[in-house]
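Record features, source TrEMBL:
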type	residues	note
SIGNAL	1-22	signal peptide
DOMAIN	244-395	domain 'GAIN-B'
TRANSMEM	398-420	transmembrane segment
DOMAIN	399-654	domain 'G-protein coupled receptors family 2 profile 2'
TRANSMEM	440-459	transmembrane segment
TRANSMEM	479-503	transmembrane segment
TRANSMEM	515-536	transmembrane segment
TRANSMEM	556-580	transmembrane segment
TRANSMEM	601-624	transmembrane segment
TRANSMEM	630-653	transmembrane segment
Amino acid sequence: MKSRATTICCLILFLATEYSHSRFHIRTKDGDKLQGPERKPKTGRIQEKCHGPCSTSSNCSQPCAQHFHGEIGFICNGNKWQKSTETCTSLSVETLFMDSNSASRLSVAAPSITLHILDYQAPEPIRSVAQGIQKNCPLDYACIINAVKSSEATSGNIAFIVELLKNISTDLSANVTREKMKSYSKVANHILDPAVIPNWAFIPDKNVSSDLLQSVNWFARQLHIRNEPEHIVDEFFIQTKGFPINNNTSERSLSFSMNLNNTVEGILGIIEIPRQELWKLPPNASQAVGIAFPTLGAVLKEAHLENAHLPRVVNGLVLSVILPEKLEEILFTFEKINKSQNARAQCVGWHSRKRKWDENVCETTLDTKNRVKCRCNYTNVMMSFSILMSPISVDNRVLDYITCIGLSVSILSLILCLIIEATVWSRVVLTDISYMRHVCIVNIAVSLLTANVWFILGSNFNKKAQDYNWCVAVTFFSHFFYLCLFFWMLFKALLIIYGLLVVFRRMMKSRMMAIGFAVGYGCPLVIAATTVAITVPGRGYVRRGACWLNWDDTKALLAFAIPALVIVAVNLVVVLVVAVNTQRPSIGSSKSQDVAIILRISKNVAILTPLLGLTWGFGIATLIEGTSLIFHIIFALLNAFQGLFILLFGTIMDHKIRDALRMRMSSLKGQSRAVENASLSPTYGSKLMNR
C-alpha cells in the first residue's frame, strides 16, 4: 500500500507541475487583439554566419538556435556571407495542441484519482492538424491560437503556419462559422505583421505567399453569414466583411480602411457590385464576402516573372471578393500607398493558377494622385485584386520637349525633302536605277511622315480617356507605316544588288515599280494585318496606357522589332558587298554611270541604316523595366529627328541633287531676267500698244 500511495503522490505531483507550467503560456481572450509589446511578433533568432572562406557564389549552412529545427543558408556576395534561406521552426503538430493535452490529462486524474489513477493511459498522439482540431476545438478552432501567437515569427514558422492554414482550408472548411473565421484570421494575422514581413524573403518555397492568399479565399468561400451585413473579422492586418444579396438588392459596397506601418490615417479600399450585375442573381438569397490585406501585397511573389530582380510593386490594399458565380463585373476604389506624382497605377487581378498579376482582367477608369478606380472581371481563379505602380511609365518634361521639338523638325524636314524631290525630279531620273532610287526616297519620306502623324495622334490620345478600338486603329497605322519605312530601305538594298549583279539584261521600269510597291507596302501590310488578327481577339494587341504594340502579354512588338532588325542586318551586309565589288574595273560607260549611282545609294544606305537600327535598338531597350532615363532621352532624340536625317543624308548630301537644284535655281533666275528684259525692250512696248 505504501508503494501504491507513493506512486499516486508522484503522479499527482507530475500532473500538477505540468498543468502549472502550461498556465503560463501567452493567452488572449477570444476576439481581443494583442496589445502592447505582444502585438509585435518576434522576428526569429539570428544564428552566427559561416566562418569558412567566402568566394563568389559559394554557400554554406548553419544549424538553427536551440529549440529550433532546421537550418540557415548563407551565400557569399561581395566577399561577405549573406543570409539566403531559413527553415528554423519551433512549431509542430504536437506543440500546437500541447496545452490541450495537458489539460485533458489533468481532468482525467482530478475527479477520482484514487479509483482511476492506475488505469490512466496517455492519449493517442495527434498525427494531423485536422485530427487535433476536431478533438480539442471543433466549434471555433481556437485551440491553436495561443501556440501560434507565442511562437517566434521565423521564416520556418511562417511556412509552417501557411501550411497549417492550407490544411485547415482543405480538410476543415465545411460549415465555416463566424467564430471559425475569426480564429483562422488571428492565425493569419500573426504572420502578416510588418515586423515579420522581411522574414518572408528567406522562405525557400516562393509560392508560400500565394498559398496563403488562396487558402484564406477558399476558407472564406465556405463562410455562412446571417441576413444582415456583418463585420466578421477586424484584425490589424486582415479584415473580413460580408452581406446578403439577391436580384432585388440595390447597389452594394464594402469599405475597408486599414493602417499600414503604424500610419495615423488608414489606407482606403472599396468593393462595389453594380446594380446591373445584381439583376443576374436568382430571387433566393446569396452572399458577398470581402477580405482586405494591407501588407500581403509586399510578400506576394509572382511566378515566372521575366525580371525577377525588378518585381512589380503593389501600391494599395489587396482586396479579395467571394461572389456568386453569375456575377462577372466588379468595381474597386484603391487609395494609393505611394502618392508621388509619378506613381501611375495599373489595375490588376491575381491569377491563382498562374500565380501572377494579370493586367488583362482589369481596366483603369480613373487615376488621380491619391486614388484609382478599376473595373475588373471576377472568376473562380481571379478573386483578389489590387493596383501596381506602373513599371514602364516615364514621366519627364525633358522627353516631352524633345519629342515635341524633334517631331516638328522631322515633319518640316520631310515636307522639304518631298518639295526638293518634286523640284529636281526631271533632272535626276535619267536612268532606270536612278529613277527607282528617287522613288525609294519619296516613299521613305511619305512613310515616315505619315507614321509621325499617327504617332502624334496616339500620343495626344493617351492623355485622354482611352477607347480600345480607336487605340487599335492608331497602333495599326503606326505599326504599318514604320514597317514601310524599313521595307523601302530594304528595297533600296535590293536595288543595289540588282545594279551590281545584273549587267546585260535590265528589267522594265514598270516591273521594278511593281516589285518596289509589293515590298515597300505589301509586306508591311501582311505583317501588320496578321498581328492584329492574332492578338486583338484576346485584347493583347496594344499596351496598357499607351497606343503601341503590346510586349508584356503577347509580345506583339516582335512583329515590328524582328523585321526592322533583320532589315538593318541585311542592309549592312549589302553595304559590305558593295564595298568589295566596286573595287573591280567597270564594264562600259553605261555600267560606269550605274556604278556611280549605286555608290551614291550605298552611301545613303550606309548612313541611314545604322541610324535607324540604333534608334529602334534604344527603343526596344526602353521596354526593359528599370531602364535608365538616359536610354529614353536618346531614343526620343533619334526617333524625333529621323526626318532630318533623311533630308540631310538622303537628299542634301547627294551632289547630283545639289547640282540639279543649282541648275533649277539658275534656270528660274534666267527666266525671270528674260521676262524683265523683255518687258523693258521697245519691241515689247510697241506690241503692247498695238493690242
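The backbone N, Cα and C atoms fix where each Cβ goes, glycine too.
TrEMBL entries are annotated by machine, without manual review.
Keep in mind that this is a model prediction, so the values were computed, not measured.
Within its own chain, the transmembrane segment (515-536) has Cβ neighbours under 8 Å at 436, 439-440, 443, 447, 472, 476, 479-481, 483-484, 487-488, 490-491, 494, 549-550, 554, 556, 559, 563, counting only residues six or more beyond its boundaries. Put simply, of 440-459, 479-503, 630-653, the stretch with the most CB pairs closer than 8 A to the transmembrane segment (398-420) is 630-653. Confidence over the domain 'G-protein coupled receptors family 2 profile 2' (399-654), given as mean pLDDT on the 0 to 100 scale, stands at 78.
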